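J.: OK, Swiss-Prot features for this one:
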type	residues	note
REGION	52-71	region 'Disordered'
DOMAIN	154-428	domain 'ABC transporter 1'
BINDING	Gly187, Pro188, Pro189, Ala190, Ser191, Gly192, Lys193, Ser194	ATP 1 binding site
DOMAIN	505-718	domain 'ABC transmembrane type-2 1'
DOMAIN	838-1090	domain 'ABC transporter 2'
BINDING	Gly883, Ala884, Ser885, Gly886, Ser887, Gly888, Lys889, Thr890	ATP 2 binding site
DOMAIN	1163-1380	domain 'ABC transmembrane type-2 2'
Amino acid sequence: MAFAAGGIDHHVAVDVEGEEESRRRAVAEEADLLWAAFERLPSAKRRSHAVVLPDPDGLGGGDGGGRGEGQLVDVRKLDRPGLQRVLRHALATSELDNANLLHGIKARFDAVGLEVPRVEVRFQNLTVSTDVHVGRRALPTLVNYVHDIAERILISSHLLRPDKHKLVILDDVSGVIKPGRMTLLLGPPASGKSTLLLALADKLDSQLKKSGEVAYNGMALDQFCVQRTSAYISQTDNHIGELTVRETLDFAAKCQGASENWQECLKELVNLEKERGIRPSPEIDAFMKTASFRREKHNLVSDYVLRVLGLDICADTPVGSDMERGVSGGQKKRVTTGEMIIGPRKTLLMDEISTGLDSSTTFQIVNCMRNFVHEMEATVLMSLLQPAPETFELFDDLILLSEGKIIYQGPIKHVVDYFKSLGFSLPPRKGIADFLQEVTSKKDQAQYWSDQSKQHIFVSASEMAAVFKESQYGTYLEANLSSSCGNKDSALVLPRSKFAVPKFSLVRACFARELILISRNRFLYTFRTCQVAFVGIITSTLFLRTRLHPVDEQNGNLYLACLFFGLVHMMFNGFTEMTMTISRLPVFYKQRDNFFHPAWAFSLPNWILRIPYSFIEAVVWSCVVYYTVGFAPTVDRFFRFMLLLFSIHQMALGLFRMMGAIARDMTIASTFGSAVLLAIFLLGGFVVPKGFIKPWWDWAYWISPLMYAQRAVSVNEFSASRWSKVSVSGNMTVGTNILISHSLPTDDHWFWIGVGVLLAYSIFFNIMFTLALAFLNPLRKPQSMVPSDAGDGRDVHINTDSNKNTIGEIFENNDGFEGQTECKSKKGMILPFQPLTMTFHNVNYYVNMPKEMQAKGVPEKRLQLLSEVSGIFRPRVLTALVGASGSGKTTLMDVLAGRKTGGYIEGDIRISGHKKEQRTFARIAGYVEQNDIHSPQVTVEESLWFSSTLRLPNDISRETRHAFVEEVMALVELDQIRYALVGKQGLTGLSTEQRKRLTIAVELVANPSIIFMDEPTSGLDARAAAIVMRTVRNTVDTGRTVVCTIHQPSIDIFEAFDELLLMKRGGRVIYGGSLGVNSVDMINYFQGIPRVVPITEGYNPATWMLEVTTQASEERLGIDFATVYKNSYQFRNVENLIVELSIPASGTEPLKFSSEFSQNRLTQFMVCLRKQSLVYWRSPEYNVVRLFFTSVAAIIFGSIFWNVGMKRESTEDILLLMGALYAACLFLGVNNASSVQPVVSVERTVYYRERAANMYSSFPYAAAQVYHGLVEIPYIAVQTLIFGLITYFMVNYERNIRKLVLYLIYMFLTFTYFTFYGMVAVGLTPTQHMASVVSSAFYSLWNLLSGFLIPQSRIPGWWIWFYYICPVAWTLRGVITSQLGDVDTRIVGPGFDGTVHEFLQQNLGFEQGMTGATVAVLVAFSVFFFSIYAISIKMINFQRS
């Protein structure tokens, strides 16, 4: 069983010995009686019944039959309280640890002689490498993107040799992971830790080259199912945000067979115990039996994992996502761990599971993993970021990696002595883990050199690895690898089947989860249904039956247009299915690759459970539209119409699902999906009737699902008896004439053919969706390798002879360990600034009481988060803001920094004695957020240039600004990676600690006097944290005021601070003031409080401080630390200092600036403009794909409408040409709007951070986003030229330069306003899903009222206003009149005989001489959409705090 971690809560045992002894005797007697009753049960019942003893405190929850007394219960019928009671008994220790439970389970196995299965993992001569670009060639610019495509083609054709450098990630490493021993994996950044874990889990990316052997119990990875044997716990937290923590773990337990594993164990165990007359522990027996039964709702295994991971307090909270509120980052990390360890796998490969956790929580989790390893003889290899000394000591063995080489592997207790033998000693008050991660660093190694009589010479990782191989530990390891391995044939340990439970059970689990997700997304589905109703009402009132009559072909064409629009709307209403599918893929891929379930078990519920939704959509549209428009009134035709809509909606959902699963990326799906939809739309039989389709497109016509739907719906309507009137233009009926004129069949059986084909397509698309899920892998973008070889003549230290490099060699300078500018005690850097003191006194902060708490009966209207908080932040003083989770650290920092946009603030906040003015304060303050949010497509240097240009005063020269940026880069050790692309967090670009240093540097280049830092070391390993803290310390030494919130830090990081503000839950201060040398002031203060446990020698003061001030400690001591502090001399000293510093110095005035921002709006605009141009230039997946799609779409259009531009013989020819232009405008415009949304969405998150930092006002930013306008304009211009020139000459419009130019102008303006509309949709909605849904409604209305489906002359007066505000209508008007408005060729058609321009004027309402007005209107639409986007950016914030 692999679910193991530590109970986080601490319970204090109450020692009442006499009462305790008598209670124990009573419980024992009761247990004997219950066990006797149990033994009288038939064998079948004994497997499902267990003895549940009374709660130790007599306050147990009900179990379906009583409270607190012992019972013989059927474990299958236990409710939630009953399960909790069983769990309490199993875990009942003073520490709520799992040691006793696991020891009891192991003892039960030992008692009957059953062995616990064991797995030994070996890897020998393992090398992992890849080929990468370096320097500027690695940047994803448009040129490089095209270059890469051409290069791949030439290489595959053997016409070019690869121009890449070999990067060795793991270099000939060997080792053994023993069962029953906890193994820690340590190493600095980029040392290959994650790659080693992935290699052992058989999860390496297919692009990586691997050599060497990995074996489990001597069996190669291809001889058994690795994923069911081992669990790789990733650094990335991919979860479905709508599910709660409990639901996430329940699903994982069902899929991994957590209960089934217990059943297998119990079968043999119970039989052997019965044979030998062994009576098991009632608590252990009850736990194991309860865990062995699968439950739909209440699962004991899930409750156990929740408890030991400390997630029980948030079990029913949604996990959440980037835009949806959920659990904290640390809790989400524990959910990731729980999801994998809940199953039966006994080999755990755990990759940095402690990110975001305080050291106390990490200790408890690792401690219980240790219990699991030692008792159940499991195999665990765990990498940790900053293991505290007490956590480090829990491990048995250590693997130390550096630059892809193993430099130590062996017992953890010998590692210090080993490095001492190499000449490196551990300093006092230094954690061993921190020492080990720094001793290989070129910059840090010298400080650990023990022999001061000799000069230190740097010992490289390669040299250390060679020395290790020759050491006693290396030879012992080699001997281990040479020996044979047992348990080779253990089928229980090394399963060969892929799935742990029957596939029917997996399908049930997936169905249950999908039902939950549908219920959680009910707003989205309700919104979409209401949208169908809304568009249906508009459609029915537009084609109102009082205005249409089934008497002639002209009216019939309007009926046909209405039917066609209904089909198109139902089809495109499923577009959001593609967005939702793509958003769910990361979680699916994780679970698929871990064999949670097969792909079809995921796709089947997606398909089946959308059937009722399709039915509802069809019913709503049919009921709203059918009789209001006045279609054929017989009931059978109404229900056939509804069936057809249901069929096309099901087909569309399958189509969009399939497109999402194949594309796997929103931009690619939108772009290439649009090309597919374009062909389906054009060849559906309405825009281009069958008789006009070119021979080379006949095949596409016959496979277009829309064609079958168009035929079926047309036959259903026009074969009705009311259309049997003989036409005035021939001997056939009006209905037959309409069908024949549009090349549609007249046989009624085509309805059933259409429905059958649509349903067949639905099945086909869902099968393809399933196959895509099963066989395609996620699109992975490689990390940019951009060392400092760009632009200044420096190289990458690459051996061009062998062309082979390790990570350390390629990134030799990436962490700034060479060539660093010395800046130990700079007094102010290049730019002067004013040192400032911040005082705050009796600060209170309230928010409105959450509705959930009001519903539980809480009477107060406000919830207080900060309570009378007072303190001082001074120049040259580094202050730590510390407290348990929920104590209000970040809240206080946000209040002081002016980042809170809601709530109620009370108290006195002063800057150097003057009242704080937020508009002024924002100019002199920096705020380093916990989340490192940056534009992915810019480099490090560009990020700093952008910040400095916008935030430094405009009177600073460019040269001075450049020198200042250079100095800051040196200060934070980023100068060696100045040309590295920032990239997307966790995917590409900078490492975590490099991003953190960049976040700090972005604030430093603003030359602030006061800097707030929220968790600057969170998510970093010890070495990276040391680099960041060195940066922070250097910043303080320049004379600035710096305050940091921080989790429980290591000793050396904690003691880098000068002062401390310690808070407890409820936002109350329990210590404020100096830390002292070796934290002596703080230690003396707390040890002066009676009965506080004194600190032991060498113990981390930060850990001790937080342990002795917990709520449990307060209860034990009977005191309130906040009250103790308020009555202390320490508090009085702080108060006196606040009073002293709250008085302004004589002759000083409050800070004043002439404007809110450092730069004027024109400068803000130009800087934002340049940044957006860089973002676009380096977004090839957006721009290259878009231009490629435009080329493909142009060729499709040109070939479908080949040479129809000069064909002007009938009204049908004119309408065909109009259809071509209508489809071109609509489809390419919609594609532009859809593909720009992901780009804008990413940059919006960056905007929120930059706007909060007062970099610029919202208008210049939004104006520069027009470069999502102005930057977009060159790309739209190229797009226009590609599409316009190809289609103009292929369609064969009139060879007239004026008409060509006008055609290009209209296309350019159309693409522009569609692009701006896509930005508006993002600006007005909180998520991309919602933007997609809202957009589809607008696209439908623009399609309906564009003047193509229903001419302007036939639009009712109550809707004509919408026609004039429909941008597509103006595009169509402009393009048609520019091409045909002056044509006098005579044409004939139903009800018309005259010239072309007369037809345009009389039937379509297009008048000549409107060219200038039409261009002006289209420009106005572009300006209007841009203005709405600018206003939305300024006024709406979907991340309000």
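Using the three backbone atoms N, Cα and C, a Cβ is placed for every residue, glycine included.
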J.: Among the binding-site residues listed here (Gly187, Pro189, Gly192, Gly888), identify the one with the smallest other-Cβ count within 10 Å.
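T.: Pro189, out of the binding-site residues Gly187, Pro189, Gly192, Gly888, has the fewest neighbouring Cβ atoms within 10 Å.
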J.: Provide, as an integer number of angstrom, the distance between the C-alpha atoms of Ser887 (ATP 2 binding site) and Lys193 (ATP 1 binding site).
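T.: Checking the Cα atoms of Ser887 (ATP 2 binding site) and Lys193 (ATP 1 binding site) gives a distance of 34 Å.
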J.: Taking just the CA atoms, what is the gap between Ala884 (ATP 2 binding site) and Gly187 (ATP 1 binding site) in Å?
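T.: Cα-Cα distance, Ala884 (ATP 2 binding site) to Gly187 (ATP 1 binding site): 28 Å.
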J.: Between Ala190 (ATP 1 binding site) and Thr890 (ATP 2 binding site), how far is it from one CA atom to the other, in Å?
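T.: For Ala190 (ATP 1 binding site) versus Thr890 (ATP 2 binding site), the Cα atoms are 31 Å apart.
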J.: Where Gly888 (ATP 2 binding site) and Lys193 (ATP 1 binding site) are concerned, what is their Cα separation in Å, rounded?
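T.: So the alpha carbons of Gly888 (ATP 2 binding site) and Lys193 (ATP 1 binding site) sit roughly 35 Å from each other.
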J.: Between C-alpha atoms, which of these binding-site residues comes nearest to Lys889 (ATP 2 binding site): Gly187, Pro189, Ser191, Ser194?
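T.: Of all the candidates listed, Pro189 is nearest in space.
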J.: Using Cβ atoms only, which residues of the same chain lie under 8 Å from Thr890 (ATP 2 binding site) while being at least 6 residues apart in sequence?
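T.: Gln930, Asp1014, Thr1045 - these are the non-local Cβ neighbours of Thr890 (ATP 2 binding site), listed in sequence order.
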J.: Can you tell me whether DSSP puts Gly883 (ATP 2 binding site) in helix, strand or coil?
T.: strand
J.: Looking at Cβ-Cβ distances, which residues of the chain lie under 8 angstroms from Ser194 (ATP 1 binding site) while being 6 or more apart from it?
T.: Gln235, Asp351, Glu352, Ser383
J.: Once the chains shown are all counted, how many other Cβ atoms turn up within 10 Å of the Cβ of Ala190 (ATP 1 binding site)?
T.: 22
J.: List the Cα distance (Å, whole number) between Ser191 (ATP 1 binding site) and Gly883 (ATP 2 binding site).
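T.: So the Cα of Gly883 (ATP 2 binding site) lies 33 Å away from that of Ser191 (ATP 1 binding site).
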J.: Quick one: pull the CA-CA distance for Gly192 (ATP 1 binding site) versus Gly883 (ATP 2 binding site), whole Å only.
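T.: Gly192 (ATP 1 binding site) to Gly883 (ATP 2 binding site), Cα-Cα distance: 34 Å.
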J.: Could you state the CA-to-CA distance between Gly883 (ATP 2 binding site) and Lys193 (ATP 1 binding site) to the nearest Å?
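T.: Approximately 31 Å lies between the Cα of Gly883 (ATP 2 binding site) and that of Lys193 (ATP 1 binding site).
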J.: Helix, strand or coil by DSSP: which one applies to Thr890 (ATP 2 binding site)?
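T.: In the DSSP reduction, Thr890 (ATP 2 binding site) maps to helix.
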J.: For the binding-site residues Ala884, Lys889, which one has its C-beta crowded by the most other C-beta atoms within 10 angstroms?
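T.: The residue with the most neighbouring Cβ atoms within 10 Å is Lys889.
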J.: Can you tell which of the binding-site residues (Ser191, Ser887) has the fewest other C-beta atoms within 10 angstroms of its C-beta?
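T.: Relative to the other binding-site residues in Ser191, Ser887, Ser887 has the fewest Cβ atoms within 10 Å.
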J.: What residues, ordered by sequence, lie under 8 A Cβ-to-Cβ from Lys193 (ATP 1 binding site) and sit at least six positions away in the same chain?
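T.: Leu185, Leu186, Gly187, Asp351, Glu352, Ser383, Leu401 - these are the non-local Cβ neighbours of Lys193 (ATP 1 binding site), listed in sequence order.
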J.: Give the helix, strand or coil assignment DSSP yields for Pro188 (ATP 1 binding site).
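T.: In the DSSP reduction, Pro188 (ATP 1 binding site) maps to coil.
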